[in-house]
Amino acid sequence: MPFLLFVSGGVSQGVQGELLKGIPPTLWSWWCWLVALSFGPGPGASSSRRTRGSSEAKGGFSLHPLFLFPLLQPWDPREICRKRVRGKVGQVPPDPASARDWWSTVLGEKEEFDQGCLCLADVDNSGNGQDKIIVGSFMGYLRIFSPHPVKTGDGAQAEDLLLEVHLRDPVLQVEVGKFVSGTEMLHLAVLHSRKLCVYAVSGTLGNVEHGNQYQIKLMYEHNLQRTACNMTYGSFGGVKGRDLICIQSMDGMLMVFEQESYAFGRFLPGSLLPGPLAYSSRTDSFITVSSCRQVESYKYQVLAFATDADKRQETEQQKLGSGKRLVVDWTLNIGEQALDIRIVSFNQSASSVFVLGERNFYCLKDNGQIRFMKKLDCSPSCFLPYCSVSEGTINTLIGNHNNMLHIYQDVTLKWATQLPHIPVAVKVGCLHDLKGVIVTLSDDGHLQCSYLGTDPSLFQAPKVESRELNYDELDIELKELQKIIRDVNKTQGVWPMTEREDDLTVSAMVSPNFDSESQATDVEVGTDLVPSVTVKVTLQSRLASQKAKLSVYVQPPLVLTCDQFTFEFMAPEMTRTVAFSVYLKGSYIPSELEGNAVVSYSRPTDRNPDGIPRIIQCKFRLPLKLICLPGQPSKTASHKLTIDTNKPPVSLLSLFPAFANQSDDDQVFVMGFHFFGGSRVTLLASKTSQRYRIQSEQFEDLWLITNELILRLQEYFEKQGIKDFACSFSGSVPLQEYFELIDHHFELRINGEKLEELLSERAVQFRAIQRRLLTRFKDKTPAPLQHLDTLLDGTYKQVIALADAVEENQDNLFQSFTRLKSATHLVILLIGLWQKLSADQVAILEAAFLPLQQDTQELGWEETVDAAISHLLKTCLSKSSKEQALNLSSQLNMPKDTSRLKKHITLLCDRLAKGGRLCLSTDAAAPQTMVMPGGCTTIPESDLEERSVEQDSTELFANHRHLLAETPMPEASSLHGVSD
């Protein structure tokens with residue numbers, strides 16, 4: 001029998017001899033001629049010549065048993081000479097070769113097939129080792145083929161179809177095994193939706209040219225009480241010489257048949273939809289994938305001795321006492337639905353469970369542990385794992401919806417071939433004395449037998465003239481290229497930003513006046529006069545666009561009357577304008593007054609009529625008067641900030657004309673703001689110095705007024721033509737007030753966890769009492785309730801009270817997170833003014849301190865910010881290579897307290913005070929030389945440093961020195977007042 005032999009390195013002479021032992025002498029002579037002609041020295045090459053470099057240079061080769069594929073063609077050396085692919089042998093060629101069609105046919109007309117409709121076996125017990133192809137269809141047709149092509153690629157002949165019979169009922173699955181008692185002959189099991197039939201297939205030698213005659217005989221059948229889904233078979237319980245059948249119904253019941261008799265039925269616990277089913281003979285277990293997307297294993301002995309469950313209702317009785325409960329052996333959550341399950345045994349001591357998912361395929365051990373997994377690039381349709389000739393590895397055929405068949409050795413892709421159809425079932429068998437024929441079946445009846453191979457290449461690359469290398473010139477060229485790369489990395493991107501006109505432009509305009517009739521509804525603010533302002537967003541299309549969707553977002557508790565707008569089609573040069581109102585709904589202030597309008601649209605092209613998705617956005621600023629009113633200035637306040645400038649003070653009336661009060665003449669230097677939530681903020685301008693003071697009873701309320709003051713000062717001086725205006729902050733960063741807000745937010749998260757845990761316990765108690773009462777009510781002889789009704793009512797009230805407490809805590813947590821974001825914005829602003837940080841450095845701080853738009857119990861602000869700040873401390877703000885080598889945890893878990901976070905924030909400010917530079921470029925990882933002020937030393941950390949320090953580092957953070965394990969120092973003086 002001719003074979004196509006692929007070459008690779010690393011196989012010993014003994015293995016080669018075993019592989020070539022069965023080749024006929026005439027074939028061996030051709031092979032030796034081919035070796036001498038094409039590849040040079042034979043298997044006797046020395047070990048040094050089997051290395052990758054020498055084998056390619058000198059022609060050394062050896063046989064790789066993995067790539068041994070049969071051919072049924074006249075022996076032609078030109079057909080056998082395979083193109084040698086550069087690199088490792090077994091590597092996928094750039095363009096996958098099509099599978100070699102050995103025999104193919106199309107079954108019926110408009111028939112449908114699935115993965116259980118194909119089977120290969122010696123079903124007629126001929127004893128010659130030749131498999132037959134058994135195919136069943138959903139139309140009820142059963143066909144048996146034995147291909148005998150005259151030459152490769154021939155279609156089906158009439159004599160290739162051994163048997164075709166119409167069984168009337170749809171065929172869900174066909175299997176071949178020892179299904180009849182008293183004999184070990186193979187029989188055919190056909191699964192219908194409501195019936196299981198076992199047939200004997202036999203052939204009679206023909207006396208005329210028409211050939212042999214085949215017929216099937218029904219041995220027995222089982223009528224099913226439930227609609228079948230799939231089946232598996234094996235020697236359940238370790239029986240010898242026979243196979244038992246297990247059928248899974250559509251409602252999750254396993255029905256076991258001991259050949260002609262029905263054994264028992266068991267419902268899988270929690271079954272909703274049936275999944276693929278397989279049997280492992282080594283562990284005597286059934287393995288399936290439940291609707292919970294987890295692989296589950298059930299011992300056959302546990303199934304056999306569990307309480308009988310011929311009815312679904314009896315599963316409740318199992319939980320109440322009588323009989324043994326059905327317990328799963330092991331489970332593994334894979335997070336996706338499974339298409340198929342296969343069991344492959346290495347030997348008697350080990351086997352593997354293969355699961356094909358929608359995006360991955362998994363190899364599991366007998367106990368459910370993952371041996372390996374592979375993420376697939378294409379959506380799979382079927383697969384077939386089988387043992388590899390390489391010890392300890394497994395080969396897997398995986399078909400996908402791109403008409404491709406991939407061959408993996410464990411997780412390494414070894415070969416890829418093109419199929420003429422999408423396979424839904426794949427098998428490997430021995431047909432017409434050819435071993436390893438790949439049989440594939442599509443859902444519309446394309447049946448193909450193929451083998452793997454490539455076309456020979458007669459092209460030989462011409463030899464190039466070798467020249468001596470000038471290493472000095474190469475070094476100069478390499479340095480120039482490295483310099484160009486460094487210069488490009490310092491810019492904003494690798495590719496140059498080209499000026500181009502957008503296909504769609506979006507602009508937003510905020511009305512300078514309030515709405516004549518306020519659009520505010522369902523407000524929670526204590527006053528009835530909640531204003532609303534109109535915002536108009538204009539979309540102008542330069543080219544045709546479709547499916548444009550406008551989404552508008554503002555910071556809560558600001559709300560929109562409408563936040564989603566859809567435009568199905570926009571013609572070229574078309575303008576669309578939408579209007580909506582914004583108002584304050586909650587009783588607290590937002591963290592920002594900036595809104596964002598995002599437009600997603602699709603621009604159709606010649607190659608993509610559906611359009612290329614694109615996004616454009618526009619930001620707008622809401623007026624300060626939307627959330628506050630003019631108020632009475634306060635002389636005293638708990639929290640004060642002083643902002644220094646380099647220009648003379650500006651009248652507050654010119655900065656805030658909307659808050660001018662005609663009755664107060666002192667508003668030139670003093671102005672009060674009254675937020676709708678109830679808090680008050682006072683703004684003072686110095687008459688003699690270039691300072692502004694902002695003060696309030698709440699620390700977080702300082703943010704909006706401080707930010708608005710700086711923005712309006714910048715706009716004022718820009719209009720005056722002054723470009724060197726700058727603000728600064730010389731006081732101490734108010735970290736202690738900031739830490740109090742962090743602690744309050746974290747305390748609410750802890751309370752939320754406790755309340756949810758308590759609510760879960762009360763819910764379990766409530767359901768348990770309900771079950772007890774239901775059992776009492778169903779009893780024919782009612783027993784006293786023993787105050788169960790009272791206990792049920794009390795538990796119900798507790799559940800309702802706890803649910804209300806959880807909702808209230810969630811509302812408080814949301815408000816606390818908003819206040820924490822306001823305080824975070826303020827701290828970032830003060831650090832930027834204090835250290836005169838650039839816009840890029842401020843952006844890094846904002847990304848580290850404000851990574852989340854929404855706070856949840858699973859992923860909270862504290863652990864996320866702590867991880868970001870720790871990363872900055874060990875990269876751009878590190879002081880030694882020892883800190884850079886520390887590995888941070890890859891998992892974000894809720895911390896036990898906030899001490900670590902507060903210590904890292906303090907250390908961040910300390911590093912910035914000592915000259916640290918915030919940068920995310922590749923140069924930032926190098927230790928930096930920091931200019932230390934006199935008398936300053938390092939601050940110790942338990943997880944980032946291991947050194948003791950005797951002195952305090954700086955007096956800039958006097959109000960939170962208790963967080964550092966150092967000798968206490970006298971507190972720094974408070975903020976300097978604004979001189980009059």
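Keep in mind that glycine also has a Cβ here, set from the backbone N, Cα and C atoms.
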What range among 128-155, 464-491, 884-911 does TrEMBL describe as coiled coil?
464-491
Mean pLDDT for the domain 'PTHB1 hairpin' (733-835), as a whole number?
91
Could you count the residues of the domain 'PTHB1 C-terminal helix bundle' (837-912) that DSSP puts in helix, in strand and in coil?
43 helix, 0 strand, 33 coil
What are the DSSP helix, strand and coil residue counts for the domain 'PTHB1 GAE' (530-620)?
0 helix, 59 strand, 32 coil
